[in-house]
Every structure is written in C-alpha cells, then in structure tokens.
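Features as listed in Swiss-Prot:
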| type | residues | note |
| --- | --- | --- |
| SIGNAL | 1-18 | signal peptide |
| DOMAIN | 25-244 | domain 'Peptidase S1' |
| DISULFID | 31-158 | disulfide bond |
| DISULFID | 49-65 | disulfide bond |
| DISULFID | 98-251 | disulfide bond |
| CARBOHYD | 116 | N-linked glycosylation site |
| DISULFID | 137-205 | disulfide bond |
| CARBOHYD | 165 | N-linked glycosylation site |
| DISULFID | 169-184 | disulfide bond |
| DISULFID | 195-220 | disulfide bond |
C-alpha cells in the first residue's frame, strides 16, 4: 500500500500542472486535521477531485469527476504524502449520475465496501432544509491555492464564503438559465474561491452538506465572480431513492 501511495503521489505531482478539468481553495488556510472527516479524495491517475462521505457506503460528488478511468477513493486523508493511521482506500462499486451534466452536475458513488468510522472518518449530514441567502459557508479541498499557476498543496485548505441569491451569479456569468438547481457562493471582493481540483467537494452551511463544487466561468477568485454549487437539497429524493435500492430513481426535472 505504501508503494501504491508513493507512485500515486509522483503521478499527481507530474500531472498537477496540466490539470484543467476540475475545480482548490484559493485564499484559504490549511484545514485542521480533525475538521474534515467526511472529505474524500478521488484519484483517477489523470485528474483528482473531492467528494463527501454521506454514510459508510456512499460518497457524493459531481459528474465531471468521472473520466472513465479506474478510481481510488481515499477516506481519512489529510496529508497526501503521509497516510493517517486510520486512512482507508475504497473503489467505486457503482456510480449513479443524472443526465445533462450542465443542468444536473451530481454523482453518487457506492463504495466497494463500507468504511469504518474513526477519528478521521465520519459522514456529513445531508441538508434538512435549503440554505438561506446570506449564510456563511465552508469550502475545502486539495485544489490549487494560486489562480494564475496551478499550485497543489499536500494538505487540504479551507475557507469561508458567502451564499448569494442565484441572480448574482446570473449577472456575473453569461449564458446561465433563468432558474437553476445551483447555489451561488463566493466573496464579491475576490481572493477566496474554489479552483482547479476542488470539483466535487463540499459547500457546508450550518453543519450540513448544502452544495457541491460544480462550475465557474473563467479564472478563480476574481472579484464579482462567485461560483456555482450543485444544490444538494433539490436532489434529496433522488439520493435517498438510490441508497434505498431503487432502480427507477429519476432526477428532478
């Protein structure tokens, strides 16, 4: 397992400067090692993403993190180069997606076997209600910490951002639909944001998983350019149906 980790880290370092397809936290600080027991690191050998453990057997992320390559899922990870004692590796047993990636950027992954809850592994609660505009929410991930040149840290970074009305994002990014199952969040002054390799990571508001890092237009952390996050609350029936074993679960219209 140590040899696998060494090889994986070398590949990540080699590929990090070419990474373009997913969204790290700019303007944040190193996360506390005990702050993110639900945070999953998804690695396919070409790109890496984040995800959120929502129970012992399921991880929630976004569709764009599936590049059809074999995926390893690390739980309980903090420092990429040095495994925690309770760190675990799993593989996808099943992946469930919604059609139309731009409209429904969400993916539910069933792990090949359940993880063990521990000091650094524990699920995050799904939302009981949608988040309120004006909420201060938490973002985190191993994505790039510099917007102009990709610089990927060894430990995840965390930051606080604000939740805005969706119309703010419509005004900031051309071509967005009038209505959307997305949340709009960021810092209008710029300087704090998710970015390359943060895709699939959590937007945490009031201690619950309210959003998933999904999409942005142009460069990260720009003034008046908040990002878009898949609104988890709108997908609760779909998520719960799949976990319950439904083969006919449909995405929200």
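Cβ coordinates come from backbone N, Cα and C, glycine included.
According to DSSP, residue 49 (disulfide bond) sits within a strand segment. Checked against residue 158 (disulfide bond), the recorded positions 98, 116, 184, 220 differ in C-alpha distance, with 220 being the nearest. The disulfide-bonded residues in question are 31, 137, 195, 251, and the one with the fewest Cβ neighbours inside 10 Å is 251. Comparing Cα positions, residue 205 (disulfide bond) lies closest to 184 out of the recorded positions 31, 49, 165, 169, 184.
On the 0 to 100 pLDDT scale, the domain 'Peptidase S1' (25-244) averages 93 in the predicted structure. In the three-state DSSP scheme, residue 195 (disulfide bond) falls into the coil class. In the structure shown, across all protein chains, 49 is the one of the disulfide-bonded residues 49, 98, 158, 169, 220 with the greatest number of other Cβ atoms within 10 Å. Within 10 Å of the C-beta of residue 205 (disulfide bond) we count 22 further C-beta atoms, all protein chains included. Sequence-distant contacts of residue 184 (disulfide bond), defined by Cβ-Cβ distance under 8 angstroms and a gap of at least six in the same chain, are 163, 164, 165, 166, 167, 168, 169, 226, 227, 228, 229. Closest by Cα distance to residue 98 (disulfide bond), from the recorded positions 49, 116, 137, is 49.
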